[in-house]
Amino acid sequence: MSNVTVCARFRPRSSKEMRDPSRDGVCARPIDAETFVFQDDKEDEFTFSLDRVFYEDSTQAAVYEFLALPIMRDAVNGINGTIITYGQTGAGKTYSMEGPGIQDCDEHNKGLLPRVVHGMFEQISSSNDIARYTVKLSMVEIYMEKVRDLLDLSKANIQIKENKTQGILLSGVTEVPVSDSVEALQHLCTGLANRAVGETQMNMSSSRSHCAYLFTIQQDSVKDKRVKTGKLILVDLAGSEKADKTGAEGRVLEEAKTINKSLSALGNVINALTSGPSSKGNHIPYRDSKLTRILQDALGGNSRMALLCCCSPSTLNASETLSTLRFGMRAKHIKASPRASEVKSAKAQEEPSSVTKDEKCGRILEKMKERMSNEDIKMLEDVFIQEGIIFSLDSMAEVETVYEDIVSKTIQSLQQAVDELQQKVKKLEAENIGIQEQALRNHEPGSVGKMSRFISSWYASFFTS
């Protein structure tokens, strides 16, 4: 059982931070490649030790080779992997993930995403195994708590499903087969052009959504007739924001609230996973946000996972940086037990007993069809499915997931309705008090009793109906 790989990366100070007359210091003092001393805005000092610390002079290649390369290699061999960039807005997350751009970018500035794509296809082409590889690409963003397909904008509210054999799935998401890195990067560019961005006082091109790049790598072995499937997910999180620093208002402020809420949900999941001894009875609130639901497999342990905590080195942002580092330290305690997803190929899975059973069912249905109407046949097939005589494990798992989603949404809707009613009751009570005070001033005691009786009867009738 291994822990999550957690690294910190300090970007160079911005021109604004360099010009600031009140504070011109940096908040991190290096000790070695894994440890540094952090000084907060109150000048209190904390020592942090992580798997690796990338200081201001670090290169994109160094981050890739330590953080992403091992996970990418395992994904090609059937072990799921997840790489996440986390930090406040303007801390360098998108630069670390993409670089200045994922196409036509010099080698020095290439981000994790283009390096992973190139490395993945290089490993596939140099593989000594006699196998056929299939790579599929999907790309989604979580914007205002809706999952949008960035490769097909008509799919603006992708549903998240759970399958007992395949884990978390995005129902109906576009999956594009890609044969080489050039083709993959072209599709990624198309998706990135559709991502929601906006301008704030801290970032001229601030991501207004969480973005996930999903690669499914299937390896069909010719020799032993086995199929390995690895999922590789790269997640560029939107940054946590403080409205007084970003100057956000209107739509941008609402986006920031939603972003902060989902990041808070992520923190709650990590707290639940790392607080105290684990047991089957522990509730992990994966369903509190779309982000945590999509990351459920990674956070739950069936994936290698790496977290890059992107930080500002300036004392101007010391409180936000401290929060980011503490988040990383908590995530470091998540336990992971990733396992290779390997099954026999469809032909190898066929067994005489199952074939015989299917043939018998088929012959019975054919005989019955000879003497029954189409309507009767349809009804009988429905009964067979309902009674479990003929059924699909995948469809049954999907039904369970849909049921759970409906229950969760119903509870949320009811809670919202109760909250709204409570607000109305408070408003009516306030109005009642005002009327009572006015009546007392006007010496009209009868009106006080009438309004009190009206409020009481309305309140009672609602909760008894």
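Even glycines carry a Cβ here, placed using N, Cα and C.
Among the ranges 275-295, 338-358, the stretch that Swiss-Prot annotates as region 'Disordered' is 338-358. Between the binding-site residues Gly87, Gly90, Gly92, the minimum number of other C-beta atoms within 10 Å of a residue's C-beta occurs at Gly92. Across the domain 'Kinesin motor' (3-334), mean pLDDT in this model comes to 89. Counting Cβ atoms from all protein chains shown, Thr89 (ATP binding site) has 25 others lying within 10 Å of its own Cβ.
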